[in-house]
Amino acid sequence: MNAPIIDPLQGDFPEVIEEYLHHGVTKCIAFNRRGTLLAAGCADGSCIIWDFETRGVAKELRDKDCIAAITSICWSKYGHRILVSSADKSLILWDVVSGEKITHITLHHTPLLARLHPGSSTPSLCLTCPLSSAPMIVDFNTGNTTVLPVTVPEADSGPAPPSRNKPSDGPPYTPTAACFNKFGDLVYVGNSKGEILIIDHKSIQVHAMVPTPGGAVIKNIVFSRDGQYLLTNSNDRTIRIYENLLPLKDGLIALGHLNKTVDEVAGVEKMKAVGSKCLALFREFQDTITKVHWKAPCFSGDGEWVIGGSASKGEHKIYIWDRVGHLVKILEGPKEALIDLAWHPVHPIIISVSLTGMVYVWAKDHTENWSAFAPDFKELEENEEYEEREDEFDLIPETEKVKESDINEDDEVDIVTVEKDAFSDSDMSQEEICFLPATPCPDIPEQQDKCVGSSSKLMDSNNSGSPLSEEAGQNGQAMNHASSPLEVVSNSYAAMDSLTEDTGGTRMKRKRKPSEKGLELQAEKGRKPLKSYGRLSKIRSKPVADPDISNGIFGDDISD
């Protein structure tokens, strides 16, 4: 039986590895908003863009000044820009269509994560999380960086002091996770104390704080595609889902109103009170048996599923939970560590990256569904006796007579209004870049040199020891040694034509490109005349003609 029909509540999630993509050593991946293009950052500093419909390479972005490994990759809202961060402390902004580098900025610390501002099609701001510094906002137009606060002073109820905006020279800094909200007016920062800070990145002010249970270090923080849920991955081996209680648009204004309404307490307690009205703990996910650490957790495209990769070495496992909290599937891949994950924005497809640089495509294991071809098809578990209807084979059965249509044909049909795309939350979807024109890859010069060298060697071997070339040289005919074997045969026929003109015999037809069978026939028919030609040439010009031309060499060479 077909399970998707019998059980309509079965999950629509991937099950098996459908195929893999390989182009260099991949380190990180990211889909565009529609899921038609997949970008990957490689270990050699290049960025590969695959057309996900055809699984072919659509474009390769490479900067000669950047040869370090790519640490993160991010698309702009409408797919016009791609931001990559690399291990050489640089940020590079690319134009996707032209393939040109727009901006190159070098930071003081290696950026582990970089995200473009989601509120613009051509963003000029990005959020980056360096290895040994607090998260910062980078302005591409001016090159200025603004360090965000990561802690809240216990005795200060106002904004964070300016000293927090500068990286300290103290002990090694714990990497801090951060992300924009859906429209980019707020930044959510997860610090090493297990606190989620809600910050206005323009005024550099902390408006709210949400402590997590246990107070473990927050390693990852990411919003769902629709902005309704926030995911955190903590060092206590737990993935937590928070419900966003702020409105999607104008979240900063709503947060300001909450700060005005909470007057009972002040300082840190006020921030916690405001934070409790911004985020509400929804679910917690963990493996209570193995207590495994999680790698690159994220939401599905519709937010109904949560996935997390196992961070164990030599293990390529992907855990899938529903939003209620049930573990529904564990995908087991090759014996390679997992370093990055991405869920397709539209389809039930997961992309995973292994430590060796392979990109695996996980998809559903589709089974035959005959109901798709015939809607009235019914599958039977066992044979049943069929009773024929009385009018089943009539030309016009009584049960299938056409009824009068209830549709009013005078109503006007609206062909102007465009229905909203169910998979897009954009108001300007027509400006999105969904596909890229395919560009042919140039030939590698090394391969061309090898081909030219092998062909020249082949031609030299064909002509260097050929008796025809020696005879042509004796008869005073210039022959090019780099010519093909077919040209050699045609030149030999030209020599025969000159002999027939001297003897007054029958002139043979000249073929420029004879086939093997034609050469054999010509050899059989032309043996007797060739011998006579050889004798006449002996009589007329003994020192010029070679006696071997009549017997074995010419005829055997053609027959061979």
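Each residue, glycine too, has its Cβ placed from N, Cα and C.
Straight from TrEMBL, the features:
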type	residues	note
COMPBIAS	159-172	compositional bias 'Pro residues'
COMPBIAS	453-493	compositional bias 'Polar residues'
COMPBIAS	515-527	compositional bias 'Basic and acidic residues'
REGION	152-172	region 'Disordered'
REGION	449-560	region 'Disordered'
REPEAT	19-60	repeat 'WD'
REPEAT	70-104	repeat 'WD'
REPEAT	218-243	repeat 'WD'
Tally of DSSP helical, extended and coil residues in the repeat 'WD' (218-243): 0 helix, 17 strand, 9 coil
Model confidence over the repeat 'WD' (70-104) (mean pLDDT, whole number): 95
Helix, strand and coil counts within the repeat 'WD' (70-104) (DSSP): 0 helix, 22 strand, 13 coil
